[in-house]
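Heads up, the thing below is written out as structure tokens.
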Ligand SMILES: Nc1ncnc2c1ncn2[C@@H]1O[C@H](COP(=O)(O)OP(=O)(O)O)[C@@H](O)[C@H]1O
Ligand SMILES: O=P(O)(O)OC[C@H]1O[C@](O)(COP(=O)(O)O)[C@@H](O)[C@@H]1O
Ligand SMILES: [Mg+2]
């Protein structure tokens, strides 16, 4: 709906344009006709409903309650309404939402660049050849791929109480044939926020390389997270392929990281002053909340700026993605600590090894590391409550393990069992609650317990958290970082903003930021993966 005229203020975009008030509908997606298998599934539901009573969700059923309260599942049209709502929620904010007259140009991104002679006068590569390597704006990726025939199926993620099959499509990431920025008018900035994570340098490197392939000359790094936008002593870091060529060979971030920082309005002031019109933000939940706020502020000020997130969280706590970069590396590196704890415990008389791994509210690293190592007897995560003391507590099980196996290994996520510790009431500069040290607590309580019952126990505690976070990305994360970095640049040139990029059922997709950070992604205690972990450790419930 075009209904008003406003003046655009922006780093390099001053003109009068007509403005859309709604932020949706950059392209209208018509879902493809359902394949025959889908039709079969619908028939299965029909049979199911006809021959059985409506199943009630059991304790093993996950009903996604995000946005579901507004649907009346007795309405025969609820599925259509759900899909329409889903499509609106996952439509990607685009520059044309506020600049409907912005006209795209043919992409300058081309893979046919054999020799420098192929470049035009400004160093671009010609893309007027008949090349079919582009993503169509209507391409989609299926978000959920399992059809659960019953809400009682293990790990079932259901929308309605019958667990009806509903296709949920998200936007496919990649280079578009038409782009909304002239490379010579782009000043791109990269910022890395929050804590460290393996792979940050790989993503920075790929963003720079891809920007250069589009023909961008002005690329800078903002030092030390959002703080770099306001701290006068911190100056922009000029970036080029030459600068970033080897940075992925070491961990950390070339640009530095930080928590806390200036208000969003100050960050956007700084973007305007610096003439930045593409901002690539690497960070977790908090950083993405900031990126989305920056995107909204840019829209409010009518700036032609693309803000693109790349999810960075070693905790793997971003919604809807197969995994985030750095997580794989963390799991791999954690093996060294778990193995050391095992060797120590196994070599001692009545040895107990305790390893603490990162995971503020999500126990993915602890769960996957325990599964992978096969050396862990007790895995404790924030999502699953446990008692230390009492007949069903962890300590009593440790006693049993010493009696039966002679040694034991405990792997605990940092956010687990916080209810057992005194609250610190402290927060870090970003507002995250500072946790008590559950690893130290378990070590102390274990020593105390075995002393009290007069049983010898040799307890060794390993906290490898910062050693894990600082390593360079492994090969698998290296690939993930590479593709995410490239897709971030493609998303910006395609004219999107307020989006992030992630791996979705082995494909790469763009998501509107709010959809992936509404809450941290958690381990589902009813999921197959957690059940597999329990099968592997043979641990009982500790409640
Ligand atoms: N809700 C928010 N709105 C705007 N900025 C935020 C918000 N939450 C966090 N930030 C900023 O994002 C940055 C990183 O946040 P933090 O929680 O430390 O790490 P992460 O992004 O890894 O979760 C910090 O500079 C912080 O000030
Ligand atoms: O000591 P720091 O830098 O605050 O980092 C500790 C935090 O970093 C993390 O590993 C990841 O946190 P972020 O995703 O917010 O960077 C958490 O598990 C942990 O609580
Ligand atoms: Mg966080």
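Even glycines carry a Cβ here, placed using N, Cα and C.
Residues or ranges marked as compositional bias 'Polar residues' in TrEMBL: 20-29.
Under the heading domain 'Phosphofructokinase', TrEMBL lists 188-490. When averaged over the domain 'Phosphofructokinase' (188-490), pLDDT in the model lands at 97.
Feature annotation from TrEMBL assigns site 'Important for substrate specificity' to 286. Secondary structure at residue 286 (site 'Important for substrate specificity'), taken from DSSP and collapsed to helix, strand or coil, is helix. Around residue 286 (site 'Important for substrate specificity'), the same-chain residues at least 6 positions away in sequence with a Cβ under 8 Å from its Cβ are 193, 194, 259, 430, 431, 432.
Per TrEMBL, active site, proton acceptor is recorded for 315. Close to residue 315 (active site, proton acceptor) in the fold, though at least 6 residues off in sequence, lie 284, 327, 358, 359, 360, 361, 362, 364, 365, 520, each with a CB less than 8 Å from its CB.
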